[in-house]
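Here's the structure, in structure tokens; my notes come after.
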Amino acid sequence: MPFYGGEELATVYDEALDEGFGLIASNIAEPNIMMGLMEGADRMDSDLLLQMSGGACRFAGDGDAVAGLKAMGNYIETIAERYDIGVFLNMDHQTDLEFIEQQIELDIPSSIMIDASHEPFDENVATSREVVEMVEAAGSDVLIEAELGQIKGVEDEIEAEEAFYTDPEQAVEFVDKTGADLLAISVGTQHGVAKGKDLELRPDLANDIRQALRDHGLDTPLVLHGSSGVQPDQLQEMLKHGICKVNKDTRYQYEYTRTAYDRYNEEPNAIVPPEGVADARDTFFNETDWSPNKDVFDPRVAGRDIRERIADVHADLTEVSGSAGQSLFK
């Protein structure tokens, strides 16, 4: 299926709100993660929302975020054609307005998340509204996600030492003034490595925010950031209250590295010289009796394991979130 835009993504969110499921928004720090995500989503008949941060774009573009976005956009579009699901791209935690304007002009993302949550309320409103107006001026169908409240932890070099819960009435004012299509709320999750048992999650607050918005005629999809440590039962409880986009990044990063670590530790002497053999990498071990084993160190060997593991993890997450079997583009 094609790599879709904001208009089609909006229909997925409408369905998610109606049916009570969540779309797992999955960050791609590296291409093998993307490949695994596509395989896992297709296996479970779930539409797929990929995400890229500014840091991921710079990494893909060797320091040039625009080049990285173009390269990954082409890659996603080409690979997405092989699968019978809808594939979308959200730009996660964007703070650079110039880069956001370039994203809109390139017409690559399906949606963009403007993160001005660290600013005072009025400045957050003004910045978020400015991005919405960029989309309107361009005649684009890109959806805009904005954040109100602050989530503790570090995400793509954005650090918050404290968490500030989202106020329901302020949420109504924020959505009304900004025109944001989606609202990311702070209800006790945490960016980075966090344990669900240690999180003070507030499904009651998510419910209050959802109800306050609906009371004012705003059927705005809610977004849960910092969910890698949230346990299945906790997530399913949150999904009952208007959450229909659930961000995952840290979990995939860990699974990527752990899978490679496990693979290489199965046969360490095929990669690293055993004790007593000189570590003569500069001559590629020409003068030693030992040689590395290409069948083990070929990066595609670990890469295939990584793709398979990411696919399995994402497939499990679609079952937990309820998006399995819900693709609108099958």
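Using N, Cα and C of the backbone, Cβ positions are placed for all residues, glycine too.
Sequence annotations record features per position, and here Swiss-Prot assigns active site, proton donor to Asp92. Taken from Swiss-Prot, the feature D-glyceraldehyde 3-phosphate binding site covers Ser53, and the record attributes it to similarity to another entry. What Swiss-Prot lists as Zn(2+) 1 binding site is His93, His191, His225, and the listing cites similarity to another entry. Taken from Swiss-Prot, the feature Zn(2+) 2 binding site covers Asp115, Glu145, and the record attributes it to similarity to another entry. Here Swiss-Prot flags Gly192, Gly226, Ser227, Ser228, Asn247, Lys248, Asp249, Thr250 as dihydroxyacetone phosphate binding site, drawing on similarity to another entry.
In terms of local Cβ density within 10 Å, Ser227 ranks first among the binding-site residues Ser53, Ser227, Ser228, Asn247, Thr250.
Note: the Cα of Asn247 (dihydroxyacetone phosphate binding site) and the Cα of His93 (Zn(2+) 1 binding site) are spaced 11 Å from each other. For Asp115 (Zn(2+) 2 binding site) paired with His93 (Zn(2+) 1 binding site), the C-alpha to C-alpha distance reads 5 Å.
Within 10 Å of Ser53 (D-glyceraldehyde 3-phosphate binding site), as judged by C-alpha distances, the recorded positions found are Asp92, His93; the full candidate list was Asp92, His93, Ser228, Lys248, Thr250. Cβ neighbours of Lys248 (dihydroxyacetone phosphate binding site) (same chain, under 8 Å, six or more residues apart in sequence): Ile24, Ala25, Ser26, Asn27, Ser227, Ser228, Leu317.
With respect to Glu145 (Zn(2+) 2 binding site), the closest of these recorded positions in Cα terms is Asp92, chosen from Asp92, His225, Gly226, Asp249, Thr250.
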